[in-house]
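Encoded as structure tokens, the structure appears first; notes follow it.
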Amino acid sequence: MEPEPGANGTVVTEFILLGLVETPGLLPVVFVLFLFAYLVTVGGNLSILAAILVEPKLHTPMYFFLGNLSVLDIGCITVTVPSMLGRLLTHKRAIPYGACLTQLFFFHQLAGVDCFLLTAMAYDRFLAICRPLTYSTHMSLMVQRILVAVSWACAFTNALTHTVAISTLNFCGPNVINHFYCDLPQLFQLSCSSTQLNELLLFALGILMAGAPVILIVTSYIHVAAAVLRIRSVEGRKKAFSTCGSHLTVVGIFYGTGVFSYMRLGSVEASDKDKGIGILNTVISPMLNPLIYSLRNPDVQGALRRVLMGKRALA
């Protein structure tokens, strides 16, 4: 039941997620499309994970990070899509206040790790191409584990900070969210309290969580590009650029959608554009990642063929 706007003492205990479409005839189509996208994403990323585990050629730092990225992609889509499918099946659009904040926390936790992991992958490419002689020392298994652990710790701090900050806001009026999952910009619009500090916090942490990694990624690739251009053989250049092209495509999609989602807090009403960006962020990006990384990589393709055929590569 939606509380009356401005009713004294009324506290919102649940939110109503409008979802992607309100036309009843389109709901089955949306359900089938998103169920298909979810299964393809989970299947694709599990296949990449299996290929990395069974193929000795892929037991390298780059694929260690890629394996972690596949786990994150499965997590990101699992946080948003299954609950949306459940609401479509039951025709219930309400989500309890606690469940909404839990979804928000896990989404920001996983997306935050993604930010740092993509940076670690850029650093790995920088070391492999620009510092090949010291690569094995600077990117040892211990260093890889530390980079992943620090990524999780920083993302946890960011997600917890936002969740605690939004839990201090009062929600006493409208409780309808024009989206298919709970996120900060949409909740800011519904709060009865001032969200100025929360928006400032989102901007400041956004600079740390996204701005700093982008600067590090760009810096790494400027050095990589300079090193690759010094390679005389065309074949050598192609090989070096091919390992970077997939990563840069994923970085572009991830950060492009992120900027549109969180740097437009001036807009008062959520629109269909926000939903479209949300689909790109939570569904399309995790679904495309396995395809992007395997499309131009013969080692991954060979390993995937062996996984699908049930054969294990000889060490």
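Quick reminder: no glycine exception, Cβ is built from N, Cα and C everywhere.
Caution: TrEMBL annotation is automatic and unverified by curators.
The feature transmembrane segment is assigned by TrEMBL to 26-53 (among others). Cβ atoms under 8 Å from those of the transmembrane segment (26-53) belong to residues 19-20, 59, 63-64, 66-67, 70-71, 73-74, 77-78, 81-82, 84-85, 88-89, 283-284, 286-287, 289-291, 293-294, 300, 303-304, 306-308 of the same chain, restricted to positions at least 6 beyond its ends.
Residues annotated as domain 'G-protein coupled receptors family 1 profile' in TrEMBL: 44-293.
Positions annotated as transmembrane segment by TrEMBL: 65-85 (among others).
The feature transmembrane segment is assigned by TrEMBL to 105-126 (among others).
Residues or ranges marked as transmembrane segment in TrEMBL: 146-166 (among others).
Within the chain, the transmembrane segment (200-229) has long-range Cβ neighbours (under 8 A, six or more residues past its boundaries) at 112, 115-116, 118-119, 122-123, 125-126, 129-130, 154-155, 158, 161-162, 165, 184, 237, 240-241, 244, 248, 251, 255, 258-259, 262-263, 265. Residues or ranges marked as transmembrane segment by TrEMBL: 200-229 (among others).
Tertiary neighbourhood of the transmembrane segment (65-85): same-chain residues 17, 19, 31, 34-35, 37-38, 41-42, 45-46, 48-49, 52-53, 95, 99, 103, 106-107, 110-111, 113-114, 117-118, 120-121, 124, 144, 147-148, 180-181, 250, 282-283, 285-287, 289-290, 293, selected by CB-CB distance under 8 Å and a gap of 6+ residues from either end.
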